[in-house]
């Protein structure tokens with residue numbers, strides 16, 4: 001009987017060591033299953049980072065050649081967007097490498113915060129650059145005669161420098177501000193193990209919603225301008241089917257560009273913020 005009790009207790013301890021309860025229901029997940037899931041996430045991140053880096057490298061090369069050949073300075077915003085996305089792809093390669101090994105990186109809190117900074121800063125720069133591109137198209141439609149004079153090298157540099165200053169400030173804010181840091185850090189480096197989840201709500205209110213609101217306002221205003229211009233064309237041309245206006249088609253192209261930016265911005269970031277708030 002004593003031998004049976006010892007064996008039974010040993011078996012229960014072995015089960016507790018090899019199985020992890022994942023919910024209140026009696027469901028268990030083995031370490032092998034957890035490792036398999038982590039490796040799967042690592043494969044997705046690896047493929048994503050490779051695609052992000054190489055596709056944006058091709059875009060950078062094409063844009064540099066285009067700017068040198070035609071001198072289209074407004075393409076510098078798209079070039080900056082590609083560079084920011086390349087930095088995002090490079091930053092997540094470390095996480096992807098750890099996930100492929102089936103483990104989560106174990107490191108000190110300061111180093112983990114620095115790793116997350118390298119992800120947050122270029123991501124913020126990418127989002128702000130998308131906003132600059134939509135704002136550039138809006139100015140081109142709103143002030144078509146002054147646009148070529150406004151968009152010179154000084155104006156472009158004056159727009160890109162604050163973007164990176166704001167992005168770097170946002171990236172390093174978890175390293176500087178202790179309320180944004182997780183108090184009970186256990187040397188397991190993940191986003192929400194080192195950064196306070198409640199800070200996502202602050203970022204949502206101060207960063208995401210204002211930018212999304214401005215995106216929608218710009219899109220609606222361009223739509224209003226294009227609709228009014230179309231009505232004037234119909235009145236002037238008196239039903240002619242062959243005469244068109246280049247300015248109207250410029251509005252249509254701007255609408256497509258801004259619509260694509262608003263759609264990508266919403267689809268890419270809404271799931272992250274919604275899941276973060278729910279968690």
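Keep in mind that glycine also has a Cβ here, set from the backbone N, Cα and C atoms.
Looking up the ranges 8-37, 38-67 in TrEMBL, the one annotated as transmembrane segment turns out to be 38-67. The listed stretches are 74-93, 113-135, 156-180; of these, 113-135 has the most Cβ pairs under 8 Å to the transmembrane segment (200-220).
Here the transmembrane segment (74-93) sits against the transmembrane segment (156-180); at least 3 CB pairs are under 8 Å, leaving out pairs fewer than 6 apart in sequence. Mean model confidence of the domain 'G-protein coupled receptors family 1 profile' (55-279) amounts to 80 (pLDDT, 0 to 100 scale).
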